[in-house]
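What follows is a single structure, written as structure tokens, with notes after it.
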Amino acid sequence: MNQEYIKVRGAKEHNLKNINVDIPRNKFVVITGLSGSGKSSLAFDTIYAEGQRRYVESLSSYARQFLHLQNKPNVESISGLSPAIAIDQKTTSKNPRSTVGTITEIYDYLRLLYARVGIPYSPATGLPIHSQTVSEMVDIINELPQGTKIYLLAPIVRGHKGEFKREIMNLKKQGFQKLIVNGETCEIDDLPKLDKNKKHNIEVIVDRIVLDENLGNRLADSLESSLNLADGITYLEIVELPTAANTEYEKNQRITFSEKYSCPVSGFQLTEIEPRIFSFNSPFGACPKCEGIGKEFFFDRDLIVPDHRISIKDGAIVPWGSTSSKFILETLKALAEHYRFSIESPFSALSDNIKTILFEGSGEEAIRFEFHDGSKTQVIHQPFAGIIPSLQEKDRTIESVLIKEELAKFKSEHKCTACNGYRLKDEALCVKIVNIHIGEVADMSIATLQQWFAHLEQKLNKKQLFIAERILKEINERLKFLMNVGLDYLTLSRESGTLSGGESQRIRLASQIGSGLSGVLYVLDEPSIGLHQRDNTRLIETLKRLRDLGNTVLVVEHDEETMYEADHIIDIGPGAGIHGGRVIAEGNAEEIKNFEESITGRYLSGRQTIKVPTQTRTGHDNRAIELIGAVSNNLDNVDIKIPLGTFTAITGVSGSGKSSLMIHTLYKAALKHLEPTAKVFPGKYQKLKGLEYIDKIIDINQSPIGRTPRSNPATYTGAFTHIRDWFVELPESKARGYKVGRFSFNVKGGRCEACQGDGLIKIEMHFLPDVYVKCDICNGHRYNRETLEIKYKGKSIADILMMTVEDAMQFFEKIPLIYEKLITLNEVGLGYIKIGQSATTLSGGEAQRVKLAKELSRRSTGKTLYILDEPTTGLHIDDINKLLKVLHKLVDMGNTVLVIEHNLDVIKTADYIIDVGPEGGDKGGKIVVHGTPADIAACSESHTGRYLKQYLK
């Protein structure tokens, strides 16, 4: 029966208060509400989780063991549910082999296109490569010395899985006796059983020949047989050369012959032109030097000696420590004596020649080393290997993972010198379409690529066009979808690990539209994140198109424009955490405005707003940080000035260069200056001035505050340290002799050892997801019975960890050290979270605000530069209002706050704006305009200014 609604009854997951809701099917539905109100609990943890669980449960038990089965959500019933697909922001692969091209499958079609219509060119001559005839092959073989023993091999299997019983049976029937299987020669009757799940190489020994003048047609006949067996390819293996032969060839050398592709001048040959040779994830295509990563790692002098101001004796050479090793100290003393320098001088005082010898070694020059072991002295004359060669040798020979990780701290990366960062073998890069190889195509932006493909059809001949027609259609469709979701600035070669959550979500959204599915429930988590207002309209049209295909589109969203375009809105609230979890309002945007209890409605109707400041700050006496000549990524020799003591916003369309300018260049360069040992690699620039005016630079990002369940807001902000100190001072604790460690769940003593302070025990299930059960020894309290007997105002330390920030504030009202830490968490809008809530359960926005709270609670020097990249991610407009008060408070304390932001409510409150653009990718990287919000709004060339104008009225 085709139902009209997805009916949810009795939803109680997380903070949901037994809610009932009817979601119209085949509509564009927005779920909104304050951060932490229960939107994701309804959309993802209830509706999507149940849809996914029902699908997985329908599979066989064998299939289920390979899939993650969702726990049944806490809901009485859900009817009218369709197959569910979640497009969230947490599933970006960090694998360096995953790229925009591989995620969207465009690169797979590109590989097919190049394999079918690409033309190979000789790297040596630049001429097209032609096939070899059997006669040409015979002539090449006859150039070998007479008496050379050779094998002619037919490679019938090259890197494929299987047992190949039929192929081997056919070879037996044809009379072949010997094979080379995975490098081992064996009789065809004694062939070992092949593992069908492993890749194999099988070569038939077609003929064994000793070259002489009387061979007649035997060579040509054997070549033809071999070529027929292996689809036009044969190998010649030199088994033995005559003793007195003077030749460039070597024993065991292989020569590849192909009826298809071979350069007559240089001898460069292609065994095949198949899609796999264009794959950097295949051994047939990957560059052998970087193994398809496109990067090489090398020991970096600047990481080995990060601070040139200190001496060798005091530890300038970091991997060699502070020369506590007697052997290292005596080695360095011998070098200093030989080359007449002092290990007590600052490293910067050493000559370039001495530095080169220290890093690279003394070459052939022997040095007198004198080593003492207490009882005797040993004198050795030998060259000095050098710091870098010594580290390379250690890295190559050591097996300890810990030591390898330690050595990795001294490595940097650069483009692979063999493939120039293209990831592929020369064989793949020599195949071109209209003089462009596949690596160059992958480096084009989506917008440039779309234009290139638009003109490509005119440049292909009739045969090529006939072959490529369907491939081009698939590629063009996918490019169009990526353009429609505002990702025209990305390149296909961009690693997926470098994408923001919003970018990766929109890529998967584009892929879903390309799949053309209907009758599906799509659940999306804030797809507008990271998107400039200009591109938002295109995104909304894409979501509508997904709906028009016959799907239900359920979007967790705070964006006003999206709400106005939605068919239906569900507002969860009224507050966050325990104050939320109810359906406050339902209807379209106009209807939501009329609900008094709806905070969303108040902002939509204009009853509540974020006010434009009446005046802007001008900063500290014209002091500024000045970055000159930034050229990282797409930046076009950019110069900027950031006035200190202001709230400055960096704006611009997606991909314009904001993060390249602020994070990759300014932040990393300033951090490197303030902390020379920091392992950061700034983008290229000429000068950075004004750093003498700041003492710290802090990037408050959305990365987790901890990786384990034991990390929580109380431990991160330092509140828990004071809470433990307070418990230690209680009379009962003193009487028992308890120390601070007694109240820690990270060390033995006071914690429950059954669960090691986690409060939960993990039980592995084979056909079901792992189950976490409450520890039955401590009942989930994390501590042992004796520790829990210590109470303050009737509450144990475990009870306090279960309190919300609001409750804990009231509880510790009279204890300033604890209260001050908690009040900052409340100020950033996190009053609803539990102070002991696991860090792994906090959203990116919540983690960022916990970090902000920690900064607020510090004693301010008034000389800190804070950088925040899109701090409004995941925030309701009311939360943004609270966040702005906190950020402006930091500025009022004398600090400088720099935000990269698209949200116009934030931008309009800035003292100073730097607009980067005008477009994304190659068409960006310039400063369009800078100044006050009014200056930006007055600039006709600024996309930001055009939209900002409406917000300043």
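Heads up, the Cβ atoms here are built off N, Cα and C, so glycines get one too.
Summarising the annotation, Swiss-Prot assigns ATP binding site to 33-40, 652-659 and lists sequence analysis as the type of evidence. There are 26 other CB atoms within 10 A of the CB of Ser35 (ATP binding site), with all protein chains counted. A coil conformation is recorded for Ser35 (ATP binding site) in the three-state DSSP classification, outside any helix or strand.
The domain 'ABC transporter 1' annotation in Swiss-Prot covers 320-599, and the record cites sequence analysis as its basis. Summarised as a single figure, the pLDDT of the domain 'ABC transporter 1' (320-599) averages 90.
Under the heading domain 'ABC transporter 2', Swiss-Prot lists 619-949, citing sequence analysis as support.
Annotation source Swiss-Prot lists zinc finger at 752-778, citing sequence analysis.
For Gly652 (ATP binding site), the same-chain residues that are 6 or more apart in sequence and have a Cβ closer than 8 Å to its Cβ are His532, Lys658, Asp915, Val916, Gly917, Gly924, Val928, His943, Thr944. If you draw a 10 Å sphere around the CB of Lys658 (ATP binding site), it holds 25 other CB atoms from the protein chains shown. DSSP classifies Lys658 (ATP binding site) as helix under the three-state reduction.
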